[in-house]
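K.L.:
Take this structure, written in structure tokens, and hold onto it; I'll ask about it next.
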Amino acid sequence: MKVISVERARQELYSIDANPEKSWIIIGHSGGYVRIWDYVTQRWRGSIEICRGPVNCIKFIARKQWFVAGSSDGIHVQEEAIKKKKIQRFRARVSSVTSLAVHPTKPYVVSSSYGGLIKLWDWDKGWECITTFEGEHSDVVCQLAFNPNDTNSFASVSNDRTIKVWGLDSPKSHYTLSGHSDNVKCLDFFTRDDGQYLITGSVDNTAKIWDLQKKTCILTLEVFRSPVIYVFSHPNLPVLITGTRNGIIYLWSSTDFR
């Protein structure tokens, strides 16, 4: 294990992402700064202030050598070599951007906001908003994720306690999953026995496993003593990771959920 200190920034860490092609980790801070750390050379590659408030979410767009960040004043697109030019900045909406997801093959980024609004942006069209998904979530959308096995679909979770699955072909959701008794904060897709599943974490101190073929919850993990604020499916191993607000990380088998 390697511990990376961010003490020099004197700012709370708000968001983080890993570059899939390089040994880089990007960090967004509470004061609007973005920093990139190279975990092989053990050096900071640079720092830049992109906004005045917290960097709520941040993602690499590796194939373009960009990163995209969301804040209270909009969406910021910047070259990875952060001393170079900013590509674009635009307002996604009046309310703060809460989550971003990058399409794995198409020139798309999907964003969400405190107002429950979700938008799809096309960078090949000058970051034009090509679809608006609205009127379904009644509270903050906390996280978005594209389905790696069906990249024409994505999912969202919200403080309205629901999970929604969407398609790129319609501004209306395909279906809604309900079952959590408090705010739903995080999600990730995974496969099991050739089936497609979703794991979600909630302030109700549970994580739920959803069968997307049956559109139902098949298991509730109830061992937690604190809100589940992070879930992750390992891309190469049958492992699910959950993290809780009190700082405990749990590892689970995605085969038998033990």
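The first residue you see is number 1, and the count goes up from there.
Every residue, even glycine, has its Cβ placed from backbone N, Cα and C.
Taken from TrEMBL, the feature repeat 'WD' covers 90-122, 134-176, 177-220.
In the displayed structure, how are the listed features positioned relative to their neighbours?
P.N.:
Only residues 6 or more beyond the boundaries of the repeat 'WD' (90-122), in the same chain, are considered here, and those with a CB under 8 A from a CB of the stretch are 53, 56-61, 68-75, 128-134, 136-146, 148, 151, 154, 156, 158, 160, 166, 168.
Nonlocal intrachain contacts for the repeat 'WD' (134-176), taken as residues 6+ away from its ends with a CB within less than 8 angstroms of a stretch CB, comprise 98-106, 108, 110-114, 116-118, 120, 182-189, 191, 196, 198, 200, 202, 210, 212, 215.
Non-local neighbours of the repeat 'WD' (177-220) in the same chain are 139, 142-143, 145, 147-150, 155-159, 161-165, 226-233, 238, 240, 242, 244, 254-255, 257; each lies 6+ residues outside the stretch with a CB under 8 Å from one of its CB atoms.
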K.L.:
Of the residues in the repeat 'WD' (177-220), how many are helix, strand and coil by DSSP?
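P.N.:
Residue counts in helix, strand and coil order: 0 helix, 29 strand, 15 coil.
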